[in-house]
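Structure first, commentary second.
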């Protein structure tokens, strides 16, 4: 039931799931059960959303008001002894296509029914399957949840800190103080587990089976190249049916260069892989999959468009030194046996080296990097990525409008011109004694030529503009990932500065501050390596995009010129 509350302090919302409250403002609280220190309610202006539980007091009828105590809840105060490390049996937050967070309930991995990939329906996606009470946009719970009990605890991944498993060599009893945790437990810095990693709360594994190396290159830190590079083609989209035609889907033939046989995968399989990638690779910009479509998904144009974009997606995946080595990706590309397929799927879903734990797999260079220089470099890339995102959107808008003109306006105008020429030819035939058959035929042919040119304009986007839009769409997705990734590094920088200040004030021993700085270096090297890889791919992809566009434009206008030259010669002997 709803409760009355009063705001103790001012709070200003930072995203659309939160609402602003003012000191002494009367509030309606939907439930006094908090999630990570947040309550949902309504302010005096009628706005519904989330606000910090520690900022309000509950007003109980007939009893003096007391400040609500949430310290006993699993999502208690920032100083509560809980670990944000996600246990492998519970899904951890992942970045969505548009940069927002969510939690995916994996359920039991032992149920064979869940592993029957043929039963997956193209009408829904893995990403769209959070249960009621999962997190919505920006990681907050959906605002339409019913109360009480709107925040089921099974979606949150908490466990006590292992006292002897901290990454610091220093026991917690020797610490003078601890760096404060973020109040906003829904920020991507917290949800990703990077805060826990920076503070040393991610337990070291006894044995880390996978490692990814970062080395110094001519432009700074870079991912060490995949020792076994490969490529993979995506071709032959084929409509398949099952259950005697009740269900239909499109399968794609994938042929990796390092495998003996091709495999056939549905879009739903790509979707599962994409969800695993988001779940695991915290500081890597995972390329977005082509968009889904509820209707018309068996139309030829849509199938061809999805195929083109899956080719680009696959090319980016195989060229990435880290993503291309991921065991789940290799299993996706090579497994032919049904039983082995299900076992590999379960292995990927039980992978412990995800989120914050993934950062333990990095081997970084020994070279010293000044953190201020790294922060300046990140700020430069942040400004660059924002400007590039704006310019990619602008070019995409212009190119899309040009496609519409090719298919509509240009074709119609050339057809009108051709029809007008033919009308002239027909009028010349009205007075037979003075009719010139050769001239009439030439003018009529000119009209038909311009009608054909109109059709050529309508077909031309398939040769140039579509490929441009495909590349721009891929980069819109990649660029949309970077604000969250950069936010992780910014949060790490803030923890370093805070720990150093506390050390200078004598509230933290220097060894612990050094540990935070050391782990911040790991995140910094990883982000710089990802920035470096992005620039390498950007230069290559945009070079190919521009070359293809210009070549196709030249060929197109050469064909138009040939048509006009052929028509012109008809007038030479009149």
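Including glycine, each Cβ sits where the backbone N, Cα and C put it.
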For this session: May I ask you to name which of 73, 92 Swiss-Prot has annotated as phosphoserine?
Result: 92
Seminar exercise, completed: Among 16-67, 68-119, Swiss-Prot lists region 'Disordered' at 68-119
Exercise. Going by DSSP, how much of the domain 'SH3' (1-61) is helix, how much is strand and how much is coil, in residues?
Worked result: 3 helix, 27 strand, 31 coil
